[in-house]
Amino acid sequence: MGEIYHFTRLGHYYQLLFTLLIAICLLTFASIDYNFENHWQSISEVVFAVGLSILIIGIFKFRTICIDRKYKTPVLKKCERDLTIGCFGMLFFAIIPYIVICFGKFPFAATVFVYFAFNITSAIVYYTFIWRIENLCHLEHGTPQIAIVGVIYLIIAFITLLLVSMFHSQIGAIVLMVVLSYSSVVMSTLITLSTVLMGDRIELAKSCEANCNEKINNQKKSKTRENAEATPQPTVLKCEICMIQCIENEIPGIVTSCGHRICQRCIEQSPFDQNQENAFCPFCHEVYDLNGEENLV
């Protein structure tokens, strides 16, 4: 069993590191015109696209939180759902800059801005949907699956480089940087996504399993307590002569008109109770019939 972050987290960190290195290289060696007035239309479109993407991410996250609170979603289903959404989002925001840089005809400065903007959006997707559940579950990865995903991505990268070299849509060095940058995050995300979609490969982490079991036990105890409080309990009182509990339908107790409680057994043993009509109260030394009328001894 391998942790979820074993592939996705490492790919995400590698992407951030590679993005930082590219930023340092561009600021140090490349001569880019960063004047917004020259590229205002392209930059405004990218800003709108990124803002809309972040808004959609926020709506998705808020909806999942509401669903979890309303329906008490199990942890495993929550992990599977958030992993699926997170992986799809990371792949989507990784493919957009890839297409723009390789086949777009934007100015170089706008292309660089697209690259960094969507890298940031991909990081937001990761920290929104995957980061918080990476310690809750374990994900089983298969070696053949990793090999198949790797071969598919290498084929796609080779075809991309071939098309770029044929049509000369962008600089070859930029394409190579993009391939190196996105190979890690795309491959790791594809592996995680395909593993999740295969089903029955997610299990709770030991720490989460203990916490979840404890929460489940606490919920069962609270429900049992609520049911016990809701269930009417039989009236339990003690006979003032023999101090035996008088329970309705088992050992009935009778309250004399003087206010003392006497159980049926003590009434039957009373010398004044030959016809089961009178009850002698040893505290008041008086005889009462069962209808509450007083007879002096």
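Every residue, even glycine, has its Cβ placed from backbone N, Cα and C.
TrEMBL labels come from automatic prediction, so no person has curated them.
Feature annotation from TrEMBL assigns transmembrane segment to 12-30 (among others).
With a cut-off of 8 Å between Cβ atoms, the residues of this chain six or more beyond the transmembrane segment (42-62) that come close are 36, 85, 89, 93, 106-107, 110, 113-114, 117-118, 120-121, 124-125, 128-129. What TrEMBL records for 42-62 (among others) is transmembrane segment.
As annotated by TrEMBL, transmembrane segment applies to 83-106 (among others).
Residues annotated as transmembrane segment in TrEMBL: 112-133 (among others).
Sequence annotations record features per position, and here TrEMBL assigns transmembrane segment to 145-167 (among others).
Look at TrEMBL and you will find 173-197 (among others) tagged as transmembrane segment.
The domain 'RING-type' feature in TrEMBL is assigned to 239-285. Computed over the domain 'RING-type' (239-285), the whole-number mean pLDDT of the model equals 60.
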